[in-house]
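> Swiss-Prot lists 13, 14, 15, 16, 17, 18, 19, 20 with the feature ATP binding site, giving sequence analysis as the kind of evidence. The feature substrate binding site is assigned by Swiss-Prot to 15, 16, 17, 18, 19, 20. What Swiss-Prot records for 38-41 is region 'Interaction with substrate tRNA', and it gives sequence analysis as the kind of evidence. The site 'Interaction with substrate tRNA' annotation in Swiss-Prot covers 104.
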């Protein structure tokens, strides 16, 4: 299948919603490759905790944007957009269509919504100083510098608050003003999955992660990249590290990971509802509904 005009199909949804399996089924039917739009699966050695597609799954369909960067050299949104756009355009030249899959809403928006993030590298000294400030005070500071971003970023989301402040102090410009929109050179079809049993799916998948070796994977990351690796704050890895350090036990690590993942899923659903115009698929008939939408879109 090769459409007359390049087509990007974006399959989005909260974490643990079954996107990976559905994407593979869709890709097989329409003979497309898959681009994983995930802010963590792009890193080498972070497999179990990011629910990265397995080697068997990746052997069924070509997957791109997986295992691209070292955890010790994290990239920002601008870097990801540049890497991903090059890969997507190369794929579109060959096949005429491709499939994006992910739960990282901002990363998806950067690719299919024409978002143009600021090319401001992390400011290490400034970031270290900001991390010493209480979250409440950080958010108050952001309100003074960039009121619009302060409205959009949750007071507890210190990572995004610090990033917005970095951009302001490095450029003198508001993060919200820097993110201009530019036209994208392809057509986009947005599909979404949001199963009713999401919470039980999250619980089951989290338990599987720990059983498959999340603790051991975290230990390997610490041994390879150091105990202060920033990406160890990621959901799952953070709890595993706390358990390794003796701060919490196994049951507490599991419980906290499930709780944080449910909170993430809630934020993701809110983002997709407000920022995208997806056709939401019925979970029981997701594949036929997705294929029907794709064929209708292609005309």
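Positions of Cβ are set from backbone N, Cα and C atoms, glycine also.
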> Among the binding-site residues listed here, 13, 14, 18, whose Cβ has the fewest other Cβ atoms inside 10 Å?
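Result for the binding-site residues 13, 14, 18: minimum number of other Cβ atoms within 10 Å at 18.
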> What does DSSP call residue 14 (ATP binding site) in the simple three-state scheme?
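SS state of residue 14 (ATP binding site) = coil.
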> Sequence-remote contacts (6 or more beyond its ends) of the region 'Interaction with substrate tRNA' (38-41), Cβ cut-off under 8 Å?
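Apart from its flanks, the region 'Interaction with substrate tRNA' (38-41) reaches 49-53, 65-66, 80, 102-104, 107, 231, 234.
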> Between residue 14 (ATP binding site) and residue 104 (site 'Interaction with substrate tRNA'), what is the CA-CA distance rounded to a whole number of Å?
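A Cα-Cα distance of 9 Å.
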> Give me the mean pLDDT over the region 'Interaction with substrate tRNA' (38-41), rounded to a whole number.
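The average pLDDT of the model in the region 'Interaction with substrate tRNA' (38-41) works out to 96.
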> With helix taken as DSSP H, G or I, strand as E or B and everything else coil, how many residues of the region 'Interaction with substrate tRNA' (38-41) land in each class?
0 helix, 0 strand, 4 coil
> Roughly how many Å lie between the Cα atoms of residue 17 (ATP binding site) and residue 104 (site 'Interaction with substrate tRNA'), rounded to a whole value?
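Distance between the two Cα atoms comes out at 13 Å.
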> Which ones in the same chain are close to residue 104 (site 'Interaction with substrate tRNA'), with CB under 8 Å and 6+ residues apart in sequence?
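Residues satisfying the criterion: 37, 38, 39.
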> Within 8 Å of the centroid of the Cβ atoms of 15, 16, 17, 18, 19, 20, which other residues of that chain place their own Cβ, given that this set defines the recorded substrate site?
13, 14, 21, 51, 103, 193, 201
> Can you tell me whether DSSP puts residue 104 (site 'Interaction with substrate tRNA') in helix, strand or coil?
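The three-state answer is coil.
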> Counting only residues 6+ apart in the same chain, whose Cβ is under 8 Å from the Cβ of residue 20 (ATP binding site)?
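For residue 20 (ATP binding site), the qualifying residues are 51, 53, 57, 101.
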